[in-house]
Every structure is written in C-alpha cells, then in structure tokens.
Amino acid sequence: MDYSYDEDLDELCPVCGDKVSGYHYGLLTCESCKGFFKRTVQNNKHYTCTESQSCKIDKTQRKRCPFCRFQKCLTVGMRLEAVRADRMRGGRNKFGPMYKRDRALKQQKKAQIRANGFKLETGPPMGVPPPPPPPPDYMLPPSLHAPEPKALVSGPPSGPLGDFGAPSLPMAVPGPHGPLAGYLYPAFSNRTIKSEYPEPYASPPQQPGPPYSYPEPFSGGPNVPELILQLLQLEPEEDQVRARIVGCLQEPAKSRPDQPAPFSLLCRMADQTFISIVDWARRCMVFKELEVADQMTLLQNCWSELLVLDHIYRQVQYGKEDSILLVTGQEVELSTVAVQAGSLLHSLVLRAQELVLQLHALQLDRQEFVCLKFLILFSLDVKFLNNHSLVKDAQEKANAALLDYTLCHYPHCGDKFQQLLLCLVEVRALSMQAKEYLYHKHLGNEMPRNNLLIEMLQAKQT
C-alpha cells in the first residue's frame, strides 16, 4: 500500500534536503534517497569514505560520498528491515500504522493552519544555516564572571582558569574507591556496568556530596508523552551533577601532587561527566533490562555522542554566543580558546557552537533533550546485540514520543521533528571529530594517565 503525504506542507528529505516524495522505509524521504537506500541494502553494498566519515550530504553533494549518505540514512531513521530481500517492488508493509498516524497528525496540523489563516513555514534547506536568534539572547556583559553554582562542595575558585581557562583545582588520579569503581572494572576490556561493587573493591565508592536527587514527577501540561515524563524523572539536576564533578576534581592529590595541565583537567571533567551519563543509562527503562554485554555494546557505540550532546545542551541553556560554560560552572571565552588551544580543538569548539546556535533557533527544550539523549543511547546501527528487538522497540517509541511532542507543542514549526533528527547527525559528526582529536593527543602522549575516554576509544577498536 502506498502512503501519501500532504504536499502543501513542503517537507524536506531528512537525508539531503530535497523535496520528499512520500513515506519510504520508515519515514518521509525524497525519491533519490529512497532508491539509493534500496539499492544499497538489496545489493549488500559496502562503501568507504575517503575523508573523515563526516561528509556534508545535501541535494547538490549527495552522490559524492555513498558511505556518509548511507550512514545518514540510518541515523535519521530509515529502516533496513523495511527493504524487501526479494528485489520486488514495494517495501515490507510493517510501518503502515505509523505512517497512518503520522499522516493523521499532519492533516490535523494542516487543518489548524488553514483555520488560523497562515501557511506553515519550514526550516532552511540542508546546508543553509538557520537565521540567527534575536540579539538580546546573546548579549554579552562587559566582563564575564563564573556563575555561583548551587550546592557546590567547596566551590571552584573564581580566579583565572589557568593558561586555557581551566579552573585551578588540585587533581588526583582516581583511586580504587573513586566513582568509577561502582560502575566499571579497572581494565575496560573486563569492565561491566553494575550497581554492585565488584572485586577487588570491597567497599562502596566514596563520592563527595549527597546522592543525586531527581525531579518530582513532571506533569508538563497536556499532551506530554508518558515516555518523556519518565525520562524527565531520570534526569539529574545540573547543579548536583556539577557539585559531584567539582568534588571529585578537588580531592587531594595522592600520587601526583603536581598541578595538571589545563587540557588534562578538561579530560578529567569529561571522564566524570561520562560517569554521570553511565549512571543515567543504568537507571534508564529498557537499558536496565538488557544483558550486561548489550549494555556495554550500546555505551561503546554512543559514549562520545552523549558527551557531545551534554555539552551542546549546556550551551543552549547558557545562552551566550562568545563563551562556553564548563560542567564545573566556569565560563571560558572563545577568544581564550582561540589563543590558547590548538587549531584542532578550536575548530571543534567553533563547530559545536554552530550547532548550539541552530538548536537555540529551534527552541530546543528539556523534554526534547531527554528524548534525543534516549534516541542516541538506543541507536539502531549497533551490531551484535543479543536483544536487538528490545532496542528497536525503544527507538521506535522514542521517535513516536518526540514526534507527538513536537507536533503538539510547536505547531508553528511543523518540521521540528525532522530538524532535531538532522541535528543528531551533526552530533555524531562532532563526536567522530572529537574522538579523532583525542586519539591524536593520545598518540602524542598528551593524555592523562588512567583516562577513561581513551579506554573507551581502544575498546571500540578491539
């Protein structure tokens, strides 16, 4: 059965930005990407990228790199299982109910638009930056001061942030009773994600500060999907995450009393942020039902994307164009990054800021953020899972919840759902660039000892 869509909504293909022709393999796409995806799957083609696997895919350049185009097809939600293996015309009719539901929502929206007497405006085509947000949201004061984080354990000093903007905090190599012990084994190849405290650690890890507390159930007004409400309850408060991380960074040095380089300190911040993300994942519905092996596989696949999204959303909330906010509450001017950081890190930060501006223009809210975070965790491109069906079901429910939420709460922005999924593509590209940067630093022997991020990189490669 052919599922049509309303052409006067002027939807754009989430892969290349061309005009969509209908529902193909799980979502609305153009005819070109439909044919490309079908040929790739049916012919079992394997592509390679001659660049860094982050090529720009738009209407004019979609044929230049089939590897990146196919990866983008998967990322935005095209379904491998929807392609017929017998090479006959037509896809496997598994998604009829979802298509009908999506079409009904769009028709309802079109009726709303006609009743209100205006035409829905879509976002800019692929490759065209969104219009800048209103200037008042990004006005900078004459001088920047670090905000006072709540509930900090001996809060970070307000003085200069070293030679690169990192707070001047004593650092120690995490001992056996650090936060890592409660989640992972000492060597990552043997680590697991557990709530118990495995040998050789006989006692629970001692973490500074009180345990995380989580928000009261959020009603969110009418029409907030149940999945999003549950995810909001799982999300820890930012000031408590900050307090924990600052507390860990301020532990007295045990084996290295020397003052660490600012880059080393940033790596420690990222380590501690990742530990908080692991804690979130362990409590996530569906994830906690998976076998440990599947949990590890999912985290190995998406750890860098979750870290990037965490940083991006912090900047969206922070709302300043010419500086960034670290997880510790410290502010760093981009001009400082330009002068003190290397060109690779500076370009990475600037690329991240471009995505921040895009999400700010899209009015990304907390409900959408937690849903995007969940979608990244349960990526469908992960191979060798023991329970792939559970992961697939979680992905489909999260997609449906995000679609419902955006259509209901942002009726003036009918393609917000697709725009958010496109932003996930950029999050992935950023994460790949960040991993390349970390590995470059690792090869130069510039990474701190016992760095969890490097262990994650090496585990992915083995």
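Here the Cβ of each residue, glycine as well, is placed from N, Cα and C on the backbone.
Swiss-Prot lists 10-85 with the feature DNA-binding region, giving sequence analysis as the kind of evidence. Taken from Swiss-Prot, the feature 1,2-diacyl-sn-glycero-3-phosphocholine binding site applies to GLY342, TYR437, LYS441, supported by similarity to another entry. Residues annotated as SUMO cross-link in Swiss-Prot: LYS119, LYS194. Among the features that Swiss-Prot reports, domain 'NR LBD' is placed at 223-460, with the record citing sequence analysis. The N6-acetyllysine feature in Swiss-Prot is assigned to LYS34, LYS38, LYS72. Here Swiss-Prot flags 117-149 as region 'Disordered'. According to Swiss-Prot, the feature zinc finger maps to 13-33, 49-73, an assignment based on sequence analysis.
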Item checked: C-alpha spacing of TYR437 (1,2-diacyl-sn-glycero-3-phosphocholine binding site) relative to LYS34 (N6-acetyllysine), in angstrom -> 34
Checklist line | Alpha-carbon spacing, LYS72 (N6-acetyllysine) to LYS441 (1,2-diacyl-sn-glycero-3-phosphocholine binding site), which is rounded to whole Å | finding: 28
Margin query: I want to verify one value. Collapsing DSSP to three states, which class is GLY342 (1,2-diacyl-sn-glycero-3-phosphocholine binding site)?
Written below: coil
Checklist line | Spatial separation of LYS38 (N6-acetyllysine) from LYS441 (1,2-diacyl-sn-glycero-3-phosphocholine binding site) - C-alpha basis, Å | finding: 40
Notebook entry, point to check: What is the one among the modified residues LYS34, LYS38 whose Cβ has the most other Cβ atoms less than or equal to 10 Å away?
Noted result: LYS34
Check: Any idea what the Cα distance is from GLY342 (1,2-diacyl-sn-glycero-3-phosphocholine binding site) over to LYS38 (N6-acetyllysine), rounded to a whole Å?
Finding: 43
Note to self: Given a separation of at least six residues and a C-beta threshold under 8 Å, show me what packs close to TYR437 (1,2-diacyl-sn-glycero-3-phosphocholine binding site) in the same chain.
What the structure shows: LEU344, LEU345, LEU348
Check: CB neighbours of LYS441 (1,2-diacyl-sn-glycero-3-phosphocholine binding site) within 10 A?
Finding: 20
Next item on the list: Using all protein chains in view, find how many other C-beta atoms are within 10 Å of the C-beta of LYS72 (N6-acetyllysine).
Entry: 23
Next item on the list: Summarise the zinc finger (13-33) by DSSP state, stating how many residues are helix, strand and coil.
Entry: 3 helix, 7 strand, 11 coil
Item checked: Other C-beta atoms that fall within 10 angstroms of the C-beta of GLY342 (1,2-diacyl-sn-glycero-3-phosphocholine binding site) -> 13
Check: What are the DSSP helix/strand/coil residue counts across the DNA-binding region (10-85)?
Finding: 26 helix, 8 strand, 42 coil
Notebook entry, point to check: Considering all pairs of residues in GLY342, TYR437, LYS441, annotated in the record as contacting 1,2-diacyl-sn-glycero-3-phosphocholine, what is the maximal C-alpha distance expressed in whole angstrom?
Noted result: 11
